[in-house]
């Protein structure tokens with residue numbers, strides 16, 4: 001997450017306290033750190049987590065095993081309604097516990113510091129106190145990681161880090177002194193533990209995983225993820241350091257070499273919609289296995305093609321049309337009466353701001369999900385845009401029905417490629433499978449796996465898991481394969497042989 005890859009959706013996480021932690025010792029004296037799942041507002045969670053982890057500075061992830069008597073670590077993961085997976089670590093002596101996302105898309109470890117006393121996001125989460133640790137060593141090098149419009153700022157320190165039953169000594173990490181409240185205030189997790197390569201560290205710090213290997217704490221230079229996508233089950237998933245758990249996959253893994261150190265990046269082939277080639281990536285695309293991202297993200301052209309095939313419509317477009325349907329006729333009546341146009345939206349309590357914005361700023365406000373909400377946010381912007389079009393149509397003496405139709409056309413023209421897209425929940429069973437060619441093998445995901453269903457019955461909302469992200473590289477367009485892919489496919493990150501492997505998860 002602290003790197004040049006970026007996502008477009010960013011919103012608040014709903015804040016719930018972490019459940020009590022359960023400890024148990026099993027096979028070979030391995031310590032299992034169990035966490036409970038919370039039932040939370042899944043729509044807000046996926047908006048928040050889904051792509052704040054695809055950032056100009058990036059982040060997220062978590063898993064399990066059946067290993068030998070020693071040389072491995074297991075961290076039980078909490079499934080936060082299919083939008084984030086996190087587990088518990090300890091920093092210092094005695095250990096101070098933190099819930100962290102295990103993120104293969106970044107490489108730094110950071111947690112809030114007791115020196116962070118002005119950001120609410122720090123204050124409401126556990127904070128690391130160097131004065132309470134006998135193994136703390138100062139560093140002081142400043143660090144910052146950008147997350148879209150949010151960021152963390154802090155400084156490096158060094159201490160022991162406990163992950164499962166493994167204790168990593170002399171680990172550099174960031175104590176945050178500032179955290180963006182919009183991004184982190186209501187997050188379930190306290191910090192992030194990066195599992196990417198050192199090349200993308202904000203301060204070129206040696207990552208936790210490197211030190212596990214260098215200090216001989218694991219038998220194999222391998223870690224693996226199993227993500228349980230069944231939100232109703234207690235076990236959220238497991239991250240295994242030092243090996244894999246054969247209980248959580250079927251058959252053999254298909255391995256592909258890492259093509260660019262930094263991210264866990266590899267070469268991917270054609271993308272199929274149903275059983276038909278999309279024509280994209282047939283000549284090769286770069287792909288990144290990223291536990292810190294909920295969605296699939298890829299080039300706009302293919303994402304648009306997929307979303308059209310599944311009948312997806314932009315959330316912004318639908319919200320705009322809903323406003324027009326509910327308030328359009330009243331707005332027209334007010335425009336033809338004596339109410340000042342720039343007062344109508346506030347009069348209808350759709351804006352808290354009395355005044356007018358120019359059209360350009362309105363459009364930018366809609367596209368920028370992190371715009372200043374002091375004037376009422378997106379709904380206010382939709383209202384102001386609709387009024388501008390209505391005034392023009394009234395001058396042309398258009399009928400009320402024609403005016404409404406023309407304003408709906410404006411709603412259809414709002415940019416949607418980087419925003420959430422919704423689908424008809426009743427049509428999921430008829431949607432096509434999407435397949436990715438990796439190592440000459442097809443890896444399919446079903447509609448049930450790439451659609452988020454929020455709520456039940458008539459109140460249900462179904463959201464496409466495909467979002468646009470245009471990043472060009474020397475290797476070609478880049479895809480991000482997040483938790484929606486790593487759920488169906490058990491994933492192995494082989495540091496020793498610099499390869500990534502996928503097998504059907506069970």
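The backbone N, Cα and C atoms fix where each Cβ goes, and this holds for glycine too.
Noted in Swiss-Prot for the protein shown:
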- 1-24: signal peptide (SIGNAL)
- 85-503: domain 'Peptidase A1' (DOMAIN)
- 103: active site (ACT_SITE)
- 116-122: disulfide bond (DISULFID)
- 139: N-linked glycosylation site (CARBOHYD)
- 252: N-linked glycosylation site (CARBOHYD)
- 281-285: disulfide bond (DISULFID)
- 290: active site (ACT_SITE)
- 315-417: domain 'Saposin B-type' (DOMAIN)
- 320-411: disulfide bond (DISULFID)
- 345-383: disulfide bond (DISULFID)
- 351-380: disulfide bond (DISULFID)
- 397: N-linked glycosylation site (CARBOHYD)
- 425-462: disulfide bond (DISULFID)
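Taking Cβ-Cβ distances under 8 Å and a sequence separation of 6 or more, the neighbours of residue 116 (disulfide bond) in its chain are 122, 123, 127, 154, 175, 176, 177, 178, 179.
Checked against residue 345 (disulfide bond) by C-alpha proximity, the disulfide-bonded residues 285, 411, 425 yield 411 as the nearest. Under 8 Å, Cβ to Cβ, and six or more positions away along its own chain, residue 397 (N-linked glycosylation site) finds no residue. The least crowded of the disulfide-bonded residues 122, 281, 383, 425, judged by other CB atoms within 10 A of its own CB, is 425. Under the DSSP three-state reduction, residue 462 (disulfide bond) is assigned to strand. Under DSSP, residue 411 (disulfide bond) is assigned to a helix (H, G or I) in the three-state scheme.
In space, 290 is the closest of the recorded positions 290, 383, 411 to residue 281 (disulfide bond), judged by Cα positions.
Confidence in the domain 'Peptidase A1' (85-503), given as mean pLDDT, stands at 87.
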